Amino acid sequence: MKNEKRKTGIEPKVFFPPLIIVGILCWLTVRDLDAANVVINAVFSYVTNVWGWAFEWYMVVMLFGWFWLVFGPYAKKRLGNEPPEFSTASWIFMMFASCTSAAVLFWGSIEIYYYISTPPFGLEPNSTGAKELGLAYSLFHWGPLPWATYSFLSVAFAYFFFVRKMEVIRPSSTLVPLAGEKHAKGLFGTIVDNFYLVALIFAMGTSLGLATPLVTECMQWLFGIPHTLQLDAIIITCWIILNAICVACGLQKGVRIASDVRSYLSFLMLGWVFIVSGASFIMNYFTDSVGMLLMYLPRMLFYTDPIAKGGFPQGWTVFYWAWWVIYAIQMSIFLARISRGRTVRELCFGMVMGLTASTWILWTVLGSNTLLLMDKNIINIPNLIEQYGVARAIIETWAALPLSTATMWGFFILCFIATVTLVNACSYTLAMSTCREVRDGEEPPLLVRIGWSILVGIIGIVLLALGGLKPIQTAIIAGGCPLFFVNIMVTLSFIKDAKQNWKD
């Protein structure tokens, strides 16, 4: 019994360093918010301007890697000897469900406004050209390219899970073929795992920082409760307590049901927006945007704007590529685990087609609705953002739809459930990654899960206290830098091991 408790306890070398690092950074930030904002702006400017090109080349190289997997020697290799665990329809649905987070609802509703008001390629703000490129850029940032990069990492993790039969809960476990067992399980592997965990903590705190204002703004619209930072903190605290109760009382089945409800409600809400907003315009705008994407794709791939220095690729493309990089390992592990028994080609094609369809539907419907509301002068987004913040502007794009009260209730429930499942997933992932030998199907210790959910909640509150999108963008970019190298090492380790051990 003692031995079992020891096995499921924390792993000090990957538990305490991230905890201490993140705790110190939060303390320094809260101590002087103005100084923290100065540092944040400097970090954002340095990384995006000096190293933005590296993120763009990373995505392009990983895209070529996707083609190599689909048409190369491993295309017909099966990831495990068992038949697929899920039907193709269920598999695709699970992929869609993974895309319906509150952060996705945040960006899907407001992103097009930023692209139109501060457009790329020297276009005039709010011009016809800017509007024509608005949705096309969303389809670029949330389309086949990033999902192709995830395909490569998902194949790598599925290979280590189901072909090599490895227990992978941290990235260092996959680096034995590349770095050797001594280094992968030694100091080098510990450093890699700590980079991963610090970045993941900030990424999850960022998602909470995006999701919480949506819920509190919904509460203000529905119940008249003023949206304040204190209310944000109270709501985050309630989510943490609710998560602790669910875990302590064995209500994980309830959380899974909530996740399913979130997915079905997402379909319902998107269908409603599509019908009442203007189905004909949405389909025409989407079709035109696909054409614009194909026409501008080469420039989008390599756009760094070093001459005009307008800042668009740094503020958006590099930011989003860092976003994809920082979530790559966590997301790829999930996608790999639900893809047992499929061939490499099936996994690559299924991910790119299924997940691209998911994100394209979300961004097309929500972005088109926002554009229509702007063009018809139904809402004034710049004024809303200036007076009340981005979250209020997003809420108003939903409140402007017919049957506004019912629509807002649906959106409120969707955001609330999405954030409950987010906090649960955050605490579970971090607890699994910082505990010793917690195998698949086992639960990490309750106190560890609660502790991590509290820390993620604190980060969300700190980012909200800083105000604006720049702190959130900087947290993602800073976290994406070390994981940029970790993702590359995992990929190279897979290639090296597969060449030696995955032969006919």
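A Cβ is built for glycine as well, from the same backbone N, Cα and C atoms used for every other residue.
The transmembrane segment annotation in Swiss-Prot covers 10-30 (among others). Beyond the transmembrane segment (10-30), the same-chain residues lying 6 or more positions past its ends with a Cβ under 8 Å from any Cβ of the stretch are 36, 170, 190, 193-194, 197-198, 201-202, 433-436, 445, 448, 455, 458-459, 462, 465-466.
Residues 145-146, 148-149, 151-152, 155, 301-304, 313-314, 317-318, 321-322, 324-325, 344-345, 348-349, 352, 480-481, 484, 487-488, 491 of the same chain lie 6+ residues outside the transmembrane segment (51-71) yet bring a C-beta within less than 8 angstroms of a C-beta in it. Feature annotation from Swiss-Prot assigns transmembrane segment to 51-71 (among others).
Listed as Cβ neighbours of the transmembrane segment (92-112) (distance under 8 Å, sequence separation of 6 or more from its ends, same chain) are residues 86, 134-135, 138, 206-207, 210-211, 214-215, 259-260, 262-263, 266, 331, 334-335, 338, 350-351, 354-355, 357-359, 362-363, 365-367, 369-371, 381, 390-391, 393-394, 397-398, 411, 414-415, 418-419, 422. Taken from Swiss-Prot, the feature transmembrane segment covers 92-112 (among others), and the record attributes it to sequence analysis.
Per Swiss-Prot, the feature transmembrane segment maps to 143-163 (among others); the stated evidence is sequence analysis. Using a Cβ-Cβ cut-off under 8 Å and counting only residues 6 or more beyond its ends in the same chain, the transmembrane segment (143-163) has close neighbours at 58-59, 62-63, 65-66, 69, 74, 77, 79-80, 82, 173-174, 293, 301, 320-321, 324, 328-329, 331-333, 335-337, 339-341, 344, 347-348, 351-352, 355-356, 359-360, 487, 490-491, 493-494, 497-498, 501-502.
Feature annotation from Swiss-Prot assigns transmembrane segment to 195-215 (among others). With a threshold of 8 Å between CB atoms, the same-chain residues lying at least 6 positions outside the transmembrane segment (195-215) that come near it are 14, 18, 21-22, 101-103, 105-107, 170-171, 227, 232, 235-236, 323, 326-327, 329-330, 389-391, 394-395, 412, 415-416, 418-419, 422-423, 426, 429-430, 433-434, 452, 455-464, 472, 475-476, 478-480, 482-483, 486.
The transmembrane segment annotation in Swiss-Prot covers 231-251 (among others).
Annotation source Swiss-Prot lists transmembrane segment at 263-283 (among others).
Sequence annotations record features per position, and here Swiss-Prot assigns transmembrane segment to 316-336 (among others) based on sequence analysis.
Residues or ranges marked as transmembrane segment by Swiss-Prot on the basis of sequence analysis: 347-367 (among others).
Outside the transmembrane segment (398-418) by six or more residues, the chain places 100-102, 105, 109, 211, 214-215, 218-219, 221-222, 258-259, 261-262, 265-266, 268-269, 272-273, 276-277, 369, 373, 378-379 with a CB less than 8 A from a CB of the stretch. Residues or ranges marked as transmembrane segment in Swiss-Prot: 398-418 (among others).
Same-chain residues lying 6+ beyond the ends of the transmembrane segment (446-466) with a Cβ under 8 Å from its Cβ atoms: 10, 15, 19, 22-23, 26, 29-30, 33, 36-37, 40, 201-202, 204-206, 208-209, 212-213, 229, 232-233, 236-237, 239-240, 243-244, 247-248, 423, 426-428, 430-431, 434-435, 472, 475. Marked as transmembrane segment by Swiss-Prot on the basis of sequence analysis: 446-466 (among others).
Long-range contacts of the transmembrane segment (475-495) within the same chain: residues 43-44, 47-48, 51, 54-55, 58, 62, 65, 152-153, 155-157, 159-160, 171, 174-179, 192, 195-196, 198-200, 202-203, 205-206, 318-319, 321-323, 325-326, 328-329, 459, 463, each at least 6 residues beyond the stretch ends and with a Cβ under 8 Å from a Cβ of the stretch. Here Swiss-Prot flags 475-495 (among others) as transmembrane segment.
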